[in-house]
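These features come from TrEMBL:
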DOMAIN    23-288  domain 'NADH:quinone oxidoreductase/Mrp antiporter transmembrane'
DOMAIN    290-344  domain 'NADH dehydrogenase subunit 2 C-terminal'
TRANSMEM  57-73  transmembrane segment
TRANSMEM  93-113  transmembrane segment
TRANSMEM  152-171  transmembrane segment
TRANSMEM  178-196  transmembrane segment
TRANSMEM  202-221  transmembrane segment
TRANSMEM  233-254  transmembrane segment
TRANSMEM  274-294  transmembrane segment
TRANSMEM  326-347  transmembrane segment
Amino acid sequence: MNPYVLATLLSSLGLGTTLTFASSHWLLAWMGLEINTLAIIPLMAQHHHPRAVEATTKYFLTQATAAAVILFASTTNAWTTGEWDMANMSNPIATAMILAALALKIGLAPMHFWMPEVLQGLDLLTGLILSTWQKLAPLALIIQTAQAFDPLLLTALGLMSTFVGGWGGLNQTQLRKILAYSSIAHMGWMMIVLQYAPQLTLLALLMYVLMTSAAFLTLKLSSATKINTLATVWSKSPILTMTAALVLLSLGGLPPLTGFMPKWFILQELAKQGLPLTATVMALAALISLYFYLRLCYAMTLTISPNTTTSITPWRTQTTQASFPLALSTVMALGLLPITPTIMMLII
């Protein structure tokens with residue numbers, strides 16, 4: 001892609017998200033979401049592969065539907081209340097519609113069906129943008145209007161997303177689909193604690209972005225998109241294989257890795273709010289997700305591929321990818337647990 005076009009699209013992505021962050025008016029927020037969607041579509045379709053074009057079309061249709069519902073619901077709310085301000089969401093139907101539309105935007109269950117299909121059709125770097133940056137603006141809107149939403153609805157969305165994210169990833173062989181279901185499960189963790197401690201939602205989002213970035217950049221460096229390709233990576237770069245396995249375990253939430261911190265805080269907060277049953281169900285749902293991360297680790301580190309893989313094996317090929325972003329995100333995805341006391345002082 002032409003570097004000037006790429007720079008324009010990436011700056012438009014930044015502009016759309018910033019506009020949504022800064023707005024307290026529904027029309028401005030909607031405009032930011034639209035700029036965001038329109039900026040990523042050329043990036044998604046840049047390879048002109050039928051699979052990429054299909055994924056782009058699916059993404060455009062779901063995002064356009066969600067944006068239309070947001071516009072309709074905010075207009076309905078403005079009609080009944082007389083103002084467009086986000087803080088004044090007194091119409092229950094409009095509020096429920098906005099939550100449904102924003103859940104569709106970020107891929108919360110049961111509005112998650114587009115997410116694995118779209119991510120599977122993209123290359124790894126565009127998939128990384130879709131899994132991290134594109135979640136920021138809708139989540140900012142959900143956090144800003146969280147007090148207007150029905151607590152039971154938020155809890156139901158959170159629980160369903162963690163279970164769907166776990167169950168859906170169990171029988172997948174495609175790494176991008178596994179990461180899509182991982183994303184759905186992490187969004188569920190963010191939703192479940194939103195009404196009690198929004199700062200923990202932000203912490204979980206930050207940790208999710210770090211761990212997902214490390215996972216996608218590792219896969220990009222090793223040119224792996226299927227589980228059986230992972231089995232051949234150890235011979236090319238053993239150190240990368242080891243760090244990739246640790247990043248996956250961090251995504252699963254195992255101590256002493258970074259991914260344990262947000263899950264620990266969220267379970268502690270749920271118990272503090274008098275919801276031990278919800279906390280137990282969330283912990284059990286995390287175990288389901290952990291199974292498919294362990295399966296990937298097993299394929300990477302404990303097996304030697306017996307079959308001839310259909311993919312081209314990149315024997316010691318020189319990569320053009322900058323290794324600094326991968327190194328930085330990997331270190332942060334693995335080693336931030338010791339600063340937990342500092343974070344506790346800052347957010348609690």
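Every residue gets a Cβ built from N, Cα and C, even glycine.
Counting same-chain residues at least six beyond the ends of the transmembrane segment (93-113), those with a Cβ under 8 angstroms from any Cβ of the stretch are 33, 62-63, 65-67, 69-70, 72-74, 76-77, 80, 135, 138-139, 141-142, 145, 148-150, 153-154, 157, 160-161, 163-165, 168, 180, 183-184, 187-188, 191.
At the 8 Å Cβ threshold, with sequence separation of at least 6, the transmembrane segment (152-171) lacks contact with the transmembrane segment (202-221), having fewer than 3 such pairs.
Distant neighbours of the transmembrane segment (274-294): 155, 158-159, 162-163, 165-167, 169-170, 172, 178, 181-182, 185, 188-189, 192, 248-249, 251-254, 263, 266-267; these residues of the same chain sit at least 6 beyond its ends, with a Cβ under 8 Å from one of its Cβ atoms.
Across 57-73, 178-196, 233-254, the stretch most heavily in contact with the transmembrane segment (202-221), judged by Cβ pairs under 8 Å, is 233-254. Long-range contacts of the transmembrane segment (57-73) within the same chain, counting only residues at least 6 positions beyond its ends with a Cβ under 8 Å from a Cβ of the stretch, are 26, 29-30, 33-34, 37, 40-41, 44, 93-95, 97-98, 100-102, 104-105, 114, 117-118, 121, 130.
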